[in-house]
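These features come from Swiss-Prot:
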- 10, 11, 12, 13, 14, 15, 16, 17: GTP 1 binding site (BINDING)
- 35, 36, 37, 38, 39: GTP 2 binding site (BINDING)
- 120, 121, 122, 123, 149, 150, 151: GTP binding site (BINDING)
- 282-302: transmembrane segment (TRANSMEM)
- 309-329: transmembrane segment (TRANSMEM)
- 344-366: transmembrane segment (TRANSMEM)
- 383-403: transmembrane segment (TRANSMEM)
- 427-447: transmembrane segment (TRANSMEM)
- 453-473: transmembrane segment (TRANSMEM)
- 518-538: transmembrane segment (TRANSMEM)
- 664-684: transmembrane segment (TRANSMEM)
- 691-711: transmembrane segment (TRANSMEM)
- 722-742: transmembrane segment (TRANSMEM)
């Protein structure tokens, strides 16, 4: 079979991702475009005659980049197409918005690269009474047009057949430009490298006249002639870019008049009716908060019901199984404990997180595909404008509920460097899925019937602190107003199940692999460090270990937030949590249960793997049956506790060490707000600079320590009024000093602000193929 590379390109919300998932299934690979942290997805699929590599390009409305401060999506899409790597392009077009989508189509066809138009969302178009003559559209465009409903898989085989039959586009002169424009485009084309096809050279000439800044990198000596061409055009027309765009829109209008009835189409009545409620200025925000609470509720309920299968199953295989192997093969006791507690305990920490994190990713994917996520940005626009940000900046922040890394990377969709940087600084405060795992454990141990409210309050607190961080930046070092916010609101539709599953699987797989590697390594390290004293001797009591000795020296620093000296395990959890937040659970689980593992004698004669796995299945089935009872729906956290006794095990030790719910909640505030994990730090450094990464770390530590101290000292004021008063005053004075210093630093920071993405944008200013 012949190999074929195809670029998949289209407007945002045109169904491009759904089509990509339909064609490639699970055969996908996610990486980054060279030099930037913009996600690059590739997938594999086969037709009758070809083995195809499909490259999913960023969604874009146009290939024209007017400013270096614009979104990176247009830059990457344009440079990939011009690199010549793609043998064929599939342009996904939203049939219900034909006129707007055809602007990108015309640019692709003018470039002369073989192209297939995938006319998607025909079901939505039909509901809006839109009729399109597909054959007439194909004739007018001079390329194949394949009707699709990608959410249902309709038209996929026809698309594969069109790929096998692909040829060069018919040489149809689509757009009739003014003669002066053609003359100057030809003049510029003659000065370009003759190895490039004439059609592409003329296209580059028009792009240069339109003001596209990156086409000059491909124009060679022609770039030096641009000023001459513009000077000649100035005598004949006011604005060449306006004339070029007008000629394209006239062509689009002429095509639509012939092939469709878009002028008489009816907007979706369902979408209009729902938007009257969802976008209501008074109801919009409460509805958004309810949706976020519902996401948390489902993650805890359904994810918690599936947890016994992953928890008890991993204990049976990776802890008891390792102990049985060690006993059978006569391993030394210290080695068996080390492997069971380190390797087995690490795996046992990761796997129980899978169902709850997976349910949250599934819910987020549903919100994105259904069309609600765009509405959430619109609802938050008024609040974001108060911060000097457009509502569009809230979209990457919402993504932060899943993971802060794509949240930071999502800031690239914003146009102004100031807006990107402010969004990046706010992103780490959004409570990610790994933090949910920590909150759920503490809620079950300390808050009982109020567990759901406690966890939800932490989510809201994260949003509030992100907003306050934005206000602080706006009034100190990043003053300015938001750019105008224009955003397309797609019609509501039922997401495709296959697409939801694939998106959830990709995110969950990334989480498990990333978290698993870190947790297992940390668990093994902690197990070793917890088995020896500072003098190198093996210890029987973990309180005599080197880890305990070092941690006790550091723990007094956290006394103001409620971490007592004997609770050195909590201090270790904070340090390991800087690598990955989910490691906090693994650390506490390893340390709080270490004595139990050392003290409990293992009898290999009593170990039966099959019985333990069957027990895990039975517990899971019982949990699923109980999941939707009224008591569980009203109390998801309490239900997730299961049948475990608080007096024993990790939860019992943790309850004794913290001593009160106030101390535990204060600890959770610190975990929510302090330094982001290593992956997020790296993303911040790549998207901005190491300096801004350092600022984010220091600001997060200050906010976390200050807020946790204020909460704990206020709630426990009656126990030690003098100490509490000193702590509260110290926090207030310190933050007043910090804010005054930031206000004074504004003039110096403004100069450096515009350069924060210079290293990122420059990747697209080189020669062809530099962005792939």
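Just so you know, glycine gets a Cβ as well, placed from its N, Cα and C.
Just so it is clear, the model here is predicted, and its values are computed rather than measured.
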Under 8 Å by Cβ from residue 122 (GTP binding site), same chain, sequence gap 6 or more: 95, 132, 147, 148, 149, 154
Considering the transmembrane segment (691-711), which listed stretch of 309-329, 344-366, 383-403, 453-473, 722-742 counts the most C-beta pairs under 8 Å: 722-742
For residue 122 (GTP binding site), the three-state class that DSSP assigns: helix
Two-stretch contact, the transmembrane segment (664-684) and the transmembrane segment (344-366), at least three Cβ pairs under 8 Å: no
Residue 13 (GTP 1 binding site) versus residue 151 (GTP binding site) - Cα distance in angstrom: 13
Inter-residue C-alpha distance, residue 120 (GTP binding site) and residue 15 (GTP 1 binding site) (nearest angstrom): 7
Rounded distance in angstrom between the Cα atoms of residue 17 (GTP 1 binding site) and residue 123 (GTP binding site): 17
Proximity of the transmembrane segment (344-366) to the transmembrane segment (427-447), 3+ C-beta pairs under 8 angstroms: yes
Euclidean distance between Cα atoms of residue 121 (GTP binding site) and residue 11 (GTP 1 binding site), Å: 13
Residue 17 (GTP 1 binding site) CB neighbourhood, other CB atoms within 10 A: 24
Least buried by Cβ count (within 10 Å) of the binding-site residues 11, 13, 14, 120, 150: 13
